[in-house]
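Visitor: Mind having a look at this structure? Questions to follow.
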Amino acid sequence: MDESKRKALENALKAIEKEFGKGAVMRLGEMPKQQVDVIPTGSLALDLALGIGGIPRGRIVEIYGPESGGKTTLALTIIAQAQRRGGVAAFVDAEHALDPLYAQRLGVQVEDLLVSQPDTGEQALEIVELLARSGAVDVIVVDSVAALVPRAEIEGEMGDQHVGLQARLMSQALRKLTAVLAKSNTAAIFINQVREKVGVTYGNPETTPGGRALKFYASVRLDVRKSGQPIKVGNEAVGVKVRVKVVKNKLAPPFREAELEIYFGRGLDPVADLVNVAVAAGVIEKAGSWFSYGELRLGQGKEKAAEALRERPELLEEIRAKVLERSDQVVLAAGEDEGE
């Protein structure tokens, strides 16, 4: 950029800052990370992609994506992390599809989990607001926005038209909820589905139910969907690789991605996740299918390397500390193919 353009840009930025306040416009690479309380996601790769170490408390988070992509698994893992730190969690099951046994396998303390299965969208959102106002709940998950059916639709006939009711419901509720969550320092996670807009020829035809309010009020939006081939042991599929893209982030630079590995029946494997990130950070070396830490050979294949680290917790923590030291240089290439 030549000198005249640079000065013109500086003058424009100063005028904008004077009119609208500091931070109204900034360079993406210089965007400061805000210090907020967070709840870890259970995946180091995703915590680093979020830039703040987890999902923010006192804010709204939207997790959306196609069916069976790992959205509920991720939300339940966050609940387990909150409970592990002594927090209280609530699950508003609008879909009436919560599996307590699966939640337990993910580490959720189901006997302490607050669960509601509301009849209407209004009831669900009122429950969320009351729980947040109490100041005693650390994280609330709503599964899902698409299942928040307005009372008028429930009480009406099957063929009745109810245009915009759900969008209006979400807009009214979120206007109130945003301030309540900030005061109580409660994280609210809304799980959402995707729909396709009819007649879209150019651009992305996907949209999410519930209108635009959730997109606007959410501090973080995560796009969660399967990527690549299933994880196999021999010929048996034992899990799926899931790519999470931080589509919106008000607290750190957005558009980062993390690839997670979700295993059937047990969810995220934090040790395998750490191995992926440590390789990306250069803490663990990968030559062919062999994984090494310094002079120590961990094993052939990620499963063997992860197993070796599980048997040596002190080594696991040492590697984690080194990864965190290099977190600013980490290129999140978690879950890359092992060529096995």
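The first residue you see is number 1, and the count goes up from there.
For all residues, glycine too, the Cβ spot is worked out from N, Cα and C.
Taken from Swiss-Prot, the feature ATP binding site applies to Gly65, Pro66, Glu67, Ser68, Gly69, Gly70, Lys71, Thr72.
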Visitor: Fewest other CB within 10 angstroms, which one of the binding-site residues Ser68, Thr72?
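Guide: It is Ser68 that, of the binding-site residues Ser68, Thr72, has the fewest other Cβ atoms within 10 Å.
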Visitor: Which residues in the same chain, at least 6 apart in sequence, have a Cβ under 8 Å from the Cβ of Gly65 (ATP binding site)?
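Guide: Once residues fewer than 6 apart are set aside, Gly65 (ATP binding site) is near Lys71, Gln193, Val194, Asp223, Val224, Arg225.
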Visitor: Pick from Pro66, Gly70: which of these binding-site residues has the biggest number of other Cβ atoms within 10 Å of its Cβ?
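Guide: Selected residue: Gly70.
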Visitor: Just counting, how many other CB atoms are there within 10 A of the CB of Gly69 (ATP binding site)?
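Guide: A 10 Å sphere around the Cβ of Gly69 (ATP binding site) contains 23 other Cβ atoms.
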Visitor: What other residues of the same chain, not counting Gly65, Pro66, Glu67, Ser68, Gly69, Gly70, Lys71, Thr72, have a CB atom within 8 A of the CB centroid of the ATP site?
Guide: Val224, Arg225, Lys226
Visitor: Write out the long-range same-chain contacts of Glu67 (ATP binding site), meaning residues 6 or more apart in sequence whose Cβ is under 8 Å from its Cβ.
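Guide: When sequence neighbours closer than 6 are ignored, Glu67 (ATP binding site) has Gln193 within Cβ distance under 8 Å.
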Visitor: What count of other C-beta atoms do you get within 10 angstroms of the C-beta of Lys71 (ATP binding site), across all chains shown?
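Guide: Counting Cβ neighbours of Lys71 (ATP binding site) within 10 Å gives 26.
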